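One structure below.
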Amino acid sequence: MATRFTINQQRAVEETGHNILVAASAGSGKTTVLIERLIQKILSGISVENFLIVTFTNAAAKEMRERLEIAIEKRLRDANDGMKRFLQEQLLLLPAANISTIDAYALRLIENYYHVIGLDPQFRLLSDTAERDMMRQDVLDTVFEAFYDETHPQHENFIALVNNFGNPNQDDALRQAVLKLSDFAEARPDGQQWLKELDKNDLATANGLTQSQTYRLTILPMMIARLEQLLEIAQATQTNLSGVPELKKTQQAFDEIIAYLVNVQQALVDDDWDTLRGKLSQLPKVSLETKRSKGIKDEPELLALLAQATTVKNNILGAKSDLKNVIDTFFKFDQNDWQYVEKQATELVNTLVTLTQACQSAFTTAKRDAQLVDFPDLGALALEILNDDMTRKTVSGQFQEILVDEYQDINQLQETLLTKVSNGHNMYMVGDVKQSIYGFRQAEPTLFARKYRQFALPDNPDSRIELADNFRSQNNVTRVTNLIFTQLMDEKLGDIAYTGEAKLVPKANYPTDVTPVFNMTIIKQPNVTTSEDEDESQEFEKRQAQYAQLANQILSLRDTTIFDRKAEPAGMRPVQYGDIAILTRSKTGYIDLVATLRQAGIPTQVDSVGNYFQTMEVYLMLDVLRVIDNPHQDIPLAAILRSPMFGYSENDLAAVRLADKKHDYWSALTVFAQADQRSQTVIDLIKKWHQLAIQNDLVALIWAIFDDTSWLDYVAGMPGGAQRQANLHALYDYARTYQENTHAGLFRFIRYIEQLQENDGQLGEAPQEANEQAVRIMTIHASKGLEFPIVFLPEFDKSFNTQDLSGKMLIQKNAGIGLEYLQPEALVAMPTLKKLTVQQALKRQSWSEEMRLLYVALTRAEQQIYVVGTVKLDENEENQRLIALWQRAKETSGQFLAEDLRLSAKSYFDWLLISLARTKNDDLESWLGDGHLPHVLGPETTLDSQISVRFINESDVVIPEPQGNETKEITRASTYQAEDFARAKAILDYQYPFQQATRTAAYQSVSEMKRLFEDPDRANLKTLNVLENGQLQPANELVSDKLVLPTFMTDGSQKPSSAAVGTATHLMLQLLDFKQIQTHQSLTALRDDLVTQGRLTAPVAALIDIDQILNFLQTPFAQRLCLHADSLRREATFAMIMPANQIYEHVHDQASVLVHGIIDGYFIDKKTKSITLFDYKTDFVRHGRVEEDISKMMVRYRGQLTLYKQALMQEFPDYTFYEPQLIILNVGRVIPITTK
């Protein structure tokens, strides 16, 4: 059935001839529209070679390519002959099409045009982050050492900079500042120019601080906005007080407050810094009536009015008020003092820029000397290539259209690069600025926002197309999202006004009887005065309570139903664990979360529970490597001895220590080994491994450790053994990749691993197969682009991360750089005025991104959202803070809540509260409100959503027990009865009903069972038959008359068997890289490598028919394998249980038989949820009887492929299976087999 597009979707598919920005909100069918646009252009005769399609992750690029392939194949079925040939050609061109990340495209440009910029074509991409970081650290060491030299011209300035950030013995903070500054510059097309202009601080040079651009553009707008909000609240309070004679004193107080605010407001514009500072400091000292004042104490309405006025007064003039905080920070010093500090800081910035440029230059030189190019180089070098006019015209002429997916995540350098590739009117940009959540990667959402405004102007030739219809979420999810963001997100905070066309429009088709669910659970934590250690314990208990609440809610959902809109036909069904996702801001606490859910019997799937390097099996291997590198390290040596690898007890370790108390532990072990053979064996092993390390063969070293200690086998027997083995194999792979790229030794590898740990690289445990019936746990970042029927959002009360707002140096793309200045004589550190302004800009930027993360989290849900947070309702300070937020939000007029109110939020929970303050929520109003009716919401906000709020005590939350595990009390009879003896006799006389099955193997391989489906070797092997007396012959299924002669009894002249050649051919096909174009030369090289590695013997290798393999690779099926190379699985082992009577014709028992085997290969198409398996055959086919022999092979192997298919169907029950393909290499044919 053809997709029915909306008017705007159709515009997005068809419109052309100019630049187009498609603003595609969550769930609007963006990818479907993009693919349809591409397929329509292809059908019009434009080749895929003429598109440049870029996105921001390899996974997204892969998905785009796969979807386009499916779309072309779909059109191919109904195409006429001419179009069919063209579409088939497009399928062949698709693997090489320009569908990639921007970095990958830049790399392709460099590989093709390296000569334009004089780059050595033999360069290698430095893709390993840890390796790059190590190289940068080495360069920093060299450059810093040069600057520390007293003869260096910048030495004195450098020392002043070092002392400002720390001291010569502790310059880590300065090193990090240099790297951070360099990273910022590398993400800009004008990076070097930007660096040079950083020391232009107009606060230091302006004729008066209030005349500086920084004041006019940053400090003044901030102060004006805050004063306007305070003035509005004060005036509203004064209005409420008018006509109330009992509160005359309070009225007079607010007259003074308003006069003060108006006076300061004017002074901000008119006065110089010192005059303004003086006026700000003259806070009015006012007093109000008290609760016991005459005529008030017995009047509830007057008491409520007085309480409101008191709160407002404290919010304006109180010691902890926002205004008082601004005065104490920004206006701490007079103009002379501030400008002195700014001038000193400017000199430090100048030195910092010089140092950074020196490090950048040295790093570039080091990379070129080593023939390396890193990821930041890619964009810069590609841009340098495109600065050549002739090259730019050549490149630009290749593309009819440039399509940019996820355009909101682009940075300035990437934008400049793509603009140069375009012809000025063929850019097609798709994205949603509301989902720009990659600021830490230098993403620049303002680029999208700028075009969003400009492309909507009537005189602009380019166009903006809005896709606001949401086809994902049930109406209540969409309406709650709109309720929240029409009050929170505007151009100042969020980079787009969430109004009009930017709002979501509910368009998903759900039955009217689907219950709308937006559940907000607030866990009340008792307020207990605690020490710092107890605070940590209380924080842990808070998380545990939330996780337990999640478990309870998830278990309660098992008895409910959801609407499955993707089923055929769509309809209601019970909730499954796979319908549920838990989204978090970070991975902190994942170990506890998973443990809690598993304790409740809830299966989970999580990308990464913890740091890979902290797993026991890997950590121990790293200690072994440290000891091999340097055995005189007591802690690693003691650790490996005490570990299961060597099994020393505490007493053993003590005995070793007593053997030599004066020297290190290795010396003691050496002495102890003279009388202890086990210790001598350990020493011999370490020395053996050390010799391997000297040879710089990391791969052989790690495998030798595995082999000599059986460590791989040991961990397999531990809980989670498969995962532990996967982790160790991953370590082996890290070592192999590192060795291939660097050829460095063990010491550098250990340092490389430590660099990964220091950088908190968050290497997750080695991935296992996905469990589709498990609760998914992931970060909000990882959930982007996904959708789930039910979404849980725990820890909504968790404070925003403010780490980027602190530190000795702050950088913001527009505000520049701000330092903390250390006064050298007094050794007093203070933030400069510039740093304070940068901090404000950074906070606005950070809070904007947090707001967009909240939007992404809410819009992942299809039907139900559960929010969980914890508050200390009994803690007066926190309670008063939340009440103040609620009251201010209630009193806000207009569409959006006040900017400073939104900025004062500390968590998502705060934002959720203030967005509900003007709605009629009795539960929250009874907690935070004062009984006054809420103000009317803005015209863009509607009250058509349903939100349920409930409070529970932390002490009432318990982790549920898994169902079915109840402990039953067992009682024992005190005397034997007659029936006990009858039962005993029945047991003794018991006849096993599956006696026949005991004479068949309960563990069968498919190769042993092939005979049952016409085995090809049946003429050479005896088969198991039922004897004439009906008894089964107790033997293996297939037995040979003769045993193969061992090698030492042969003269070596025996010709390799056809089976050996077939096995060798299978090995080559197993290792073949389907992502690369294969030639006779490359296949021969692969065969020869296998001989060199000892995996094939030369006589066998000589008989492998390379031409047969090449002929197969030319088949259409082989091309499909190339297109699905990423999802290709080869040599896949399986095991399954089958009833014996389904396997053996003469056995009638239903006893279970374990069948195991190895499937040559299969590939998965995740888009269509389909699987195609295949099997290689090297059987001889007679030239004159090809069809006859193929027919026999189809019959012969049908049973075998049936078993393979059944095994995969058990593993992938929800997937469609196409006919298995029998690949007959002898004639280069691929035959589909109809299975039973």
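Each residue's number is its place along the chain shown, starting with 1.
From the backbone N, Cα and C atoms, a Cβ is placed for every residue, glycine too.
Values in this document were obtained by computation on a predicted structure and should not be read as measured data.
Some features that Swiss-Prot has for this protein:
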- 3-474: domain 'UvrD-like helicase ATP-binding' (DOMAIN)
- Ala24, Ser25, Ala26, Gly27, Ser28, Gly29, Lys30, Thr31: ATP binding site (BINDING)
- 463-785: domain 'UvrD-like helicase C-terminal' (DOMAIN)
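Shown here: features listed in Swiss-Prot, placed on the structure.
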| residue | record | Cβ neighbours (10 Å) |
| --- | --- | --- |
| Ala24 | ATP binding site | 28 |
| Ser25 | ATP binding site | 24 |
| Ala26 | ATP binding site | 23 |
| Gly27 | ATP binding site | 24 |
| Ser28 | ATP binding site | 26 |
| Gly29 | ATP binding site | 20 |
| Lys30 | ATP binding site | 22 |
| Thr31 | ATP binding site | 16 |
Using DSSP, would you call Ser25 (ATP binding site) helix, strand or coil?
coil
